[in-house]
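Shown next, in structure tokens, is the structure this report addresses.
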Amino acid sequence: MKESKSISIDVKYGPKLPSLSVSPSAEIEEGSSVTLSCSSDANPAANYTWYKEDGNLKPLSEDPQLVFSSIQSSDSGQYQCRAQNKLGMKESKSISIDVKYGPKLPSVSVSPSAEIEEGSSVTLSCSSDANPAANYTWYKEDGNLKPLSEDPQLVFSSIQSSDSGQYQCRAQNKLGMKESKSISIDVKYGPKLPSVSVSPSAEIEEGSSVTLTCSSDANPAANYTWYKEKQQLLQGTEGSYHFTSISSEDRGIYYCKSENQHGHIMSSSLSVDVQYGPKLPSVSVSPSAEIEEGSSVTLSCSSDANPAANYTWYKEDEDSPKASGQIFTITDFRSEHHRNYYCEAQNSRGRHDSTLHLTVGAGNSRIIMTIIRSTLVVLLLIYVILLNLWTRKKKALSSTTEAHDPVEIELDSCPEYKNVSDTAAQTEDTEEQEDLV
């Protein structure tokens, strides 16, 4: 038996279903080198084309292998290999590439995006591209490292003015960590209770420079209005009210109103106590009608002063005080009290005095005039009596001289005549006394 030589039969056929593999087969990390391989039984040998199932029909490679020298997160997806020869074409099943990577820069947002009012609900959101998914932590940039939340969202159910500030989100997984840029939260709110002060804070003296200051926490910044009692003084963005030279009329109770578009509030009261020396004293006398001698007279003195004045009474041309206090009483008014009286008001800031003139009233004048008339009548009677006596005596002397001149008589030798002469003289004296009476 003899065998023939071999004859070769080469059956041509199109590609069989391609098989795919990935290397490394473990977890793929961003930046690593990755190779996808495709093989298909075909005769003649197949040509290979790689595609990514992302809708882009542009081939990635025409080699049996698709090589990523530094694979990126964007390379994640479904890949397919196509094997083709002149007898046919076959597409492989898809192979999934899942590239693991740390978080990308987180993006943050705030809702509502419009103006944030105190008391409203506000949500901060943080998101970051990461594989595996990132965990999130919220912080406020105030030096406090304590996390506010470990969720992708930071929720304020009723946000407060104290919540204003800069916030930051941190995204982290096992492959890395990224911090977001800061997001600013500006909470708008009405003015808080204003604080008021006066400068200088010590005693305020009339004529000095004084500044009232009002400040209130508000967003946006408040406008201020100053009031004295209920009278409006000044309105503006500055909270100061300035007295270049304060006067006693400026003392009183002051208030400040702080106001913006979200509300207004009044401050507590601020008392401004201006100290000044006594003003011109006001003096009065009681009774205000005619002052009669012997009556009681009350002098009163008052002066506007701060602190309250002390009062001293002086009499004209006398250095020593007559009395102290607002009231000076003269219990038994006499003519010697008919003078000027001075009231001096004095405190630590100065002194001032005022004059009061006291005069006797018409009732006293009538008494004086009566005394004067009575005195004149008495003087006139004395004059008449003296004149009458002088006239009688003159007549008596004349008649005596005429009767006795021619005859010289020795009265000592005639006792009888002496007795007669004595009797005549006694009679004459009696008549003069009767005339006098």
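Including glycine, each Cβ sits where the backbone N, Cα and C put it.
Where the annotation comes from TrEMBL, it is an automatic prediction and has not been curated.
For 1-24, 414-437, the entry in TrEMBL reads region 'Disordered'. Per TrEMBL, the feature domain 'Ig-like' maps to 15-96, 106-184, 194-271, 281-359. The feature transmembrane segment is assigned by TrEMBL to 367-390. For 428-437, the entry in TrEMBL reads compositional bias 'Acidic residues'.
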May I ask for the residues of the chain that lie six or more residues beyond the region 'Disordered' (1-24) and have a Cβ under 8 Å from a Cβ within it?
32, 34-44, 46, 48, 79, 81-85, 87-93, 95, 97
Return the average pLDDT for the domain 'Ig-like' (106-184) as a whole number.
93
Using DSSP, how many residues of the domain 'Ig-like' (106-184) fall into helix, strand and coil, respectively?
3 helix, 40 strand, 36 coil
For the domain 'Ig-like' (281-359), jot down how many residues DSSP puts in helix, in strand and in coil.
3 helix, 40 strand, 36 coil
